[in-house]
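Going by TrEMBL, these are the annotated features:
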TRANSMEM  B:31-52  transmembrane segment
TRANSMEM  B:64-87  transmembrane segment
TRANSMEM  B:99-124  transmembrane segment
TRANSMEM  B:136-154  transmembrane segment
TRANSMEM  B:174-200  transmembrane segment
TRANSMEM  B:229-250  transmembrane segment
TRANSMEM  B:285-304  transmembrane segment
TRANSMEM  B:310-329  transmembrane segment
Amino acid sequence: MFKKGLLPLALAGALVLTGCTDSNATDPNAPKDDKVVVGFSVYDMQYEFFQKMEKGTREAVTAKGWEFKLHDEKSDENEMVTGAQALIDSGVDVLIISPFKPSALGPIIAKAKAKGVPVIVDDIGGGGAPYDAIVISDNSGGGKLAAEYMAKQIAANGKTGKNVASITCEPSAVYAARRNAGFKEAIEKAGFKVVAELSGNSKAEEGYKVMKDILAKNPDVAGVFACNDPMGVAAANAIKDAGKSPVKDIVAVGFNADPEALTAIKADGLAATVAQDPTAMGALTVKLAEQALNKTAITFDNAAEREVYNPVQLISKDNVDTVK
Amino acid sequence: MTTTDTRTAAPEPVLADRAERPSLGRLWDTWGITAILLLLLALTPLVAPGFLQLENLQSVLRESAYLGIVAAGMTFAIAAGAFDLSVGGQLALVSVVTLLAYGAGGTPAAVGAAIATGLACGLVNAGLITKLRVPPFVATLGTLFVFRGVAYILTQDGPQTLPYDQIGSPFVKIGGLNVAGVPLPFVIMLVVYAAAWVLLRRTATGRRVLAYGSSPAAARFCGISAGRIQLFVFALVGLSVGIAALTYITRVWTADGSAQDGFELKVIAAVVLGGTSLKGGKATLIGTFSAVLLVSVLNDVLVGQGVPSAYQRIVLGCVLIVALTVDGLRTRFAVPGSLRRAVAGLAGRSTDPDSA
Amino acid sequence: MTGLLRRAPLALPLLGVAVALALTTDSFLTGGNLENVLVAAAIVAIPGLAMTLCLAMGEFDLSIGSTVSLAGVVCCSAIIDGVPAPLAMLLALAAGALVGLANGLVVTKLGVTPFIATLATLVIVRGLSLAYTDGHDQIVSSATLKYLVGGRPLGVPMPILLAVVAGALAWWTVNRTRFGRWVCAVGSHREAARVSGLPVDRIRIAVYVLVGMSGGLWGLLISSQLQKGNGQLGLGFELDAITVVVLGGTALLGGRASVLGTVLGAVLIETIRNGLNLLNTPPAYQRISVGLLLVTALALLALRRTPAPAPAVREVTA
């Protein structure tokens with residue numbers, strides 16, 4: 001009976017059997033062997049954002065004729081530490097990681113240092129660990145862009161209401177929280193008041209419910225900013241279900257430029273979103289990885305934190321067609 | 001774990017009256033999942049040659065420890081007919097408090113804080129269940145939210161983290177050290193299982209837990225206090241989380257309110273997969289131990305072979321069902337003379353009393 | 001009033017929370033907000049009612065959250081592929097029923113513990129949703145699907161109407177039909193039920209299919225709100241569904257079903273959640289509050305019930 005259970009496993013294993021023995025045989029202390037192996041530990045392949053990041057990274061790696069190894073953290077800090085360390089054990093020459101919990105980078109980088117493997121962090125955050133470089137979107141700046149757009153759009157709609165709402169990600173996402181913080185600072189500077197700041201735990205279902213509650217308490221809100229697009233589009237749906245327009249009545253702005261947000265913007269189902277470019281970020285990490293391997297100096301935007309910024313951009317109906 | 005033999009399963013109250021001699025079914029009860037694990041271990045190197053690398057084996061054992069240690073405690077709770085849904089919240093809270101204590105008083109403070117916080121969480125659960133008579137399911141569901149909530153409040157300014165410059169501290173060594181090639185967390189797990197085995201099989205308390213889980217009413221008539229059993233098992237779960245948190249936090253270095261979301265289901269699944277009955281009264285620590293390793297090994301192979309995570313889920317789920325199917329079919333053989341009926345039952349249920 | 005309290009002890013904490021919110025906020029008692037709470041409660045009550053039968057049978061189904069995701073994916077991808085929306089919705093319900101059937105067969109014919117069987121289907125079904133969609137959103141814009149949450153036949157929001165119908169059906173099933181009695185019989189003593197000649201396996205399969213279908217409907221309601229389906233929806237919903245049932249007083253050990261309790265449980269949970277949002281509570285404190293309120297409500301209920309069983313225990317242990 002249990003042999004049957006192992007059969008699919010064995011098949012699955014055999015199907016994807018890679019050159020595991022080869023890479024194990026590689027001496028990890030010699031980064032300049034025939035073929036450079038890049039390990040990429042990704043936050044969670046369930047999300048389109050990270051699928052794009054993986055694509056950008058993988059394509060840049062194969063373009064250089066290097067070997068690519070993927071590990072999926074599946075939104076779990078234990079899997080992140082175990083799997084990323086296993087990548088290092090398996091003999092990768094450089095580790096690129098988009099960490100589920102940046103504060104858990106310590107043990108991974110400790111292991112990488114012991115084996116002489118450079119570590120490039122892609123987005124999310126660095127958690128104060130001694131990584132070689134981090135590519136990061138300007139979260140706070142993105143929130144500011146959203147606020148500026150919202151203030152302009154509310155005025156264009158001819159609304160005089162000065163109340164707006166802000167929907168946050170799950171409380172542990174401290175880096176994503178910078179988007180809401182940047183938004184709040186800029187929108188208050190523009191003379192608005194954030195009357196509700198509630199968490200939708202990054203989930204679309206909860207974003208919808210939270211927006212319903214906001215509408216019940218403050219039917220006069222003129223705009224809402226959500227920390228990610230699933231919640232932004234969900235909040236826009238709640239606004240539509242209340243018989244209002246998420247563009248003309250209550251200006252709804254999301255973050256990420258996920259496909260669902262772009263589709264919604266084209267159909268007036270969302271006013272705007274802030275685009276990060278995960279594909280370009282992935283490619284940029286590979287460029288930095290090469291520099292780290294060759295020991296050439298990296299130009300940082302913020303040298304103290306070894307940060308390299310990838311610009312963010314506001315996407316509304318005016319420029320949505322320019323986005324792939 | 002190799003110190004046990006089949007006779008050690010003898011005092012199990014549920015089956016003790018059915019068959020004194022070791023039968024195939026009884027053997028399967030204790031060793032079934034271990035057999036599956038051994039088979040998996042024998043086959044794995046064929047599909048994943050990298051599996052046998054020393055560093056990979058160490059990694060599997062090291063990362064199994066925290067789940068395994070909590071599962072040992074949970075085996076007692078489930079044997080007593082209850083389960084603790086709050087272990088994920090406990091792990092998050094204990095980890096956060098431990099890191100805070102480490103910042104304040106170094107390694108001894110951290111170790112003390114972990115054990116004390118774990119025990120305290122267990123006592124809160126026990127108090128709710130015995131003093132306020134809240135059913136264990138709801139009580140621990142409620143405290144799951146509460147413990148996580150407290151952990152969130154303690155980490156409002158960001159997760160608690162072990163600073164990178166502490167890399168040489170003895171505290172970090174708990175998670176990273178190898179003793180003669182064996183990872184220290186796994187050594188701790190072995191010690192915990194040895195102690196748990198003695199507690200379950202060689203003490204009156206262990207037998208009382210099983211007796212109570214088997215039939216709370218009958219146990220009461222024998223003078224076993226329900227309150228004390230529940231106090232004992234929930235405190236024990238809390239203690240196991242305290243120990244587990246030490247092996248967890250020294251590997252991951254960080255914790256906040258969301259640490260190990262969904263942990264409770266993983267732990268309970270390991271215990272049940274091992275062969276401990278959710279109905280209570282029957283417990284096998286060897287089974288729990290093997291089930292924890294089984295899931296870890298499977299996960300390691302799937303991840304190591306680069307199977308996409310959507311398919312990892314499907315394979316893991318199928319393996320769970322197949323492993324338990326073997327067990328489910330075994331129960332049909334447990335009653336003497338049931339083989340014929342079981343075969344008839346598999347062929348088609350028309351001979352069953354269902355249609356009578 | 002005392003009769004109602006005896007049958008539905010949750011009415012008391014519910015009243016308490018409602019009065020507190022009416023006093024501390026100026027928006028709780030507005031028509032729009034009450035409708036908002038009731039719609040949210042209706043959406044979790046529908047699967048809760050099916051789960052009530054499952055718990056009364058002494059078992060529970062952990063896979064329902066994944067069924068929510070699968071139903072949404074099936075419905076939305078079918079609509080995208082050009083299947084008419086009503087048919088796509090039926091397909092989603094069928095997918096839910098199929099998951100239920102799989103659960104029922106694995107539990108009865110293969111003898112796998114329900115906890116593990118449904119935990120395994122939880123993992124597998126989510127894996128299927130993710131693999132089928134390749135992690136992409138299935139975005140639709142369907143008025144027919146929207147009608148499920150947006151429609152107002154007779155001026156009543158559709159989810160509330162659906163929940164009332166489901167509640168009436170569940171009450172009738174539990175209290176007035178042979179099937180309802182059978183389910184409770186299986187829950188209070190499965191072997192006794194089997195020996196008495198009840199078709200135990202078929203009853204169990206039927207209940208799992210019902211739960212699966214209710215999960216399908218839940219998924220449709222969520223996808224109707226969000227106009228999309230994907231592999232991430234419904235994460236952790238299994239605990240939501242089980243919580244409202246347990247809160248409503250249906251014993252986890254089986255043999256009892258409180259339909260009214262489940263409905264009130266759903267309303268209580270959603271009232272608390274809504275109230276915390278109206279009060280602008282930070283998320284860390286929201287979790288603590290929900291947990292504390294759950295424990296308090298249950299402790300109060302348990303204390304009220306204590307006088308009966310307690311003396312018996314003391315006599316024996318003395």
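Yeah, the Cβs are placed from backbone N, Cα and C, and that goes for glycine too.
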- prompt: Under 8 Å, at least three CB pairs between the transmembrane segment (B:310-329) and the transmembrane segment (B:31-52) (pairs 6 or more apart)?
  reply: yes
Field: Contacting positions for the transmembrane segment (B:136-154) when only residues 6+ beyond its ends and CB under 8 Å are counted
entry: 77, 82-86, 88-90, 92-93, 95-97, 100, 121, 124-125, 128-129, 160, 230, 234, 255-259, 264
Message: Three or more CB pairs closer than 8 Å, sequence separation of 6 or more: does that hold for the transmembrane segment (B:229-250) against the transmembrane segment (B:31-52)?
response: no
Message: Cβ under 8 Å, sequence separation of at least 6 from the ends of the transmembrane segment (B:99-124): give me the contacting residues as numbers and ranges.
response: 86, 89-90, 93, 143, 147, 154, 160-162, 166, 169-171, 231, 234-243, 245-246, 249, 254-255
Field: Within-chain partners of the transmembrane segment (B:64-87) [C-beta distance under 8 Å, separation at least 6 from its ends]
entry: 121, 125, 129, 136-137, 140-141, 143-144, 147, 183, 185-186, 188-189, 192-193, 196, 199-200, 209-210, 212-213, 216, 229-230, 232-234, 236-241, 243-245, 247-248, 251, 263-264, 266-268, 270-272, 274, 276-285, 288-289, 291-293, 295-296
